[in-house]
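If you look up Swiss-Prot, you'll see 1-21 marked as compositional bias 'Polar residues'. Positions annotated as topological domain 'Extracellular' by Swiss-Prot: 1-52, 104-123, 186-212, 297-312. Residues or ranges marked as region 'Disordered' by Swiss-Prot: 1-22. The N-linked glycosylation site annotation in Swiss-Prot covers Asn4. Per Swiss-Prot, the feature transmembrane segment maps to 53-73, 83-103, 124-144, 165-185, 213-233, 276-296, 313-333. Taken from Swiss-Prot, the feature topological domain 'Cytoplasmic' covers 74-82, 145-164, 234-275, 334-371. Annotated disulfide bond per Swiss-Prot: Cys121-Cys197, in sequence order.
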Amino acid sequence: MPANFTEGSFDSSGTGQTLDSSPVACTETVTFTEVVEGKEWGSFYYSFKTEQLITLWVLFVFTIVGNSVVLFSTWRRKKKSRMTFFVTQLAITDSFTGLVNILTDINWRFTGDFTAPDLVCRVVRYLQVVLLYASTYVLVSLSIDRYHAIVYPMKFLQGEKQARVLIVIAWSLSFLFSIPTLIIFGKRTLSNGEVQCWALWPDDSYWTPYMTIVAFLVYFIPLTIISIMYGIVIRTIWIKSKTYETVISNCSDGKLCSSYNRGLISKAKIKAIKYSIIIILAFICCWSPYFLFDILDNFNLLPDTQERFYASVIIQNLPALNSAINPLIYCVFSSSISFPCREQRSQDSRMTFRERTERHEMQILSKPEFI
């Protein structure tokens with residue numbers, strides 16, 4: 001969905017917005033242009049057409065190629081951990097984002113108008129919003145899974161179905177919360193002659209409650225849950241790292257403390273937590289400007305200037321960047337935490353007591369938590 005949702009007409013001076021409060025039919029024309037200081041800048045879909053097409057094509061290629069590499073990498077793994085399962089789910093979501101959201105936007109920017117039938121308009125908008133929710137809720141599921149892995153490790157090992165249940169819930173909520181999109185959006189003719197797949201509001205005032213609800217469901221509530229989960233995880237790791245020093249000091253070299261094996265955290269799990277946190281930070285960096293701009297814009301807190309219109313064009317493409325960045329993060333972390341067995345055997349004789357202890361812990365886990 002575009003960052004700038006304004007559809008009302010501006011007066012000639014560009015100082016205010018004149019809205020018709022009476023209900024309109026789905027086919028009524030509306031203005032879809034920005035007027036800044038008396039100059040018309042055109043619609044979002046025609047402005048900076050070449051620049052937007054180049055940007056979207058680059059994002060599309062990086063998204064599809066990058067996530068294809070991730071999916072191939074996880075498919076080749078003989079031992080698939082729960083972390084690998086979530087990485088796969090995230091890559092699938094990002095791949096569909098590239099095919100449905102980015103590729104559709106490329107076609108839309110190229111034609112300028114929406115040339116498909118009204119039904120296609122509604123379905124495309126619905127799928128775009130589904131992926132919007134899913135990309136966030138998969139991260140929420142990942143944070144809950146990491147919380148159980150660190151805080152309740154023994155229950156975590158016994159609950160193999162939890163990961164799949166979390167993903168099913170994430171996708172189910174995504175499809176459910178996106179249903180209003182089928183009613184809200186439709187194909188309509190704008191007053192400047194363009195035909196767009198746009199909201200069928202009677203006037204712009206409906207955008208404010210709609211975008212507020214979407215922002216909370218897609219961003220603020222999930223981000224709160226994620227922050228709480230990882231806050232507890234980081235605190236647990238810090239406490240157990242202190243316990244580690246006490247346990248090691250009471251163990252003579254060559255012995256393994258069973259209490260350590262049961263209670264402390266492997267390097268692989270900590271690496272997985274670091275990967276997860278970086279993924280979350282990338283999500284925040286790409287999506288925060290989008291929702292912040294939309295909220296300020298819909299509450300009329302931004303000036304009607306040329307700069308605001310330029311910002312809306314740039315910010316609109318930031319969410320797509322998230323799907324292109326995630327595979328790069330995976331590649332960085334996977335190369336640093338995946339060790340061939342041959343190298344482990346050659347280094348076995350040079351292992352310290354701490355390294356032998358951690359290796360023993362990994363052997364007693366039914367599914368080691370590496371990416």
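Just so it is clear, glycine is given a Cβ too, placed from its N, Cα and C backbone atoms.
In this chain, the transmembrane segment (213-233) lies apart from the transmembrane segment (313-333): fewer than three C-beta pairs between them fall below 8 angstroms, excluding pairs fewer than 6 positions apart. Most Cβ pairs under 8 A with the transmembrane segment (276-296) among the ranges 53-73, 165-185, 313-333 are made by 313-333. Sequence-distant contacts of the topological domain 'Extracellular' (104-123), counting only residues of its own chain at least 6 positions beyond either end whose CB sits under 8 Å from a CB of the stretch, comprise 43, 45-46, 49, 52-53, 56-57, 60, 181-182, 185-187, 194-197, 320.
If you draw a 10 Å sphere around the CB of Cys197 (disulfide bond), it holds 21 other CB atoms from the protein chains shown. Residue counts of the topological domain 'Cytoplasmic' (74-82) by helix, strand and coil are 4 helix, 0 strand, 5 coil (DSSP-based). Annotation for Cys121 (disulfide bond): same-chain Cβ neighbours under 8 Å, separated by at least 6 residues, are Phe114, Phe185, Gly186, Lys187, Cys197.
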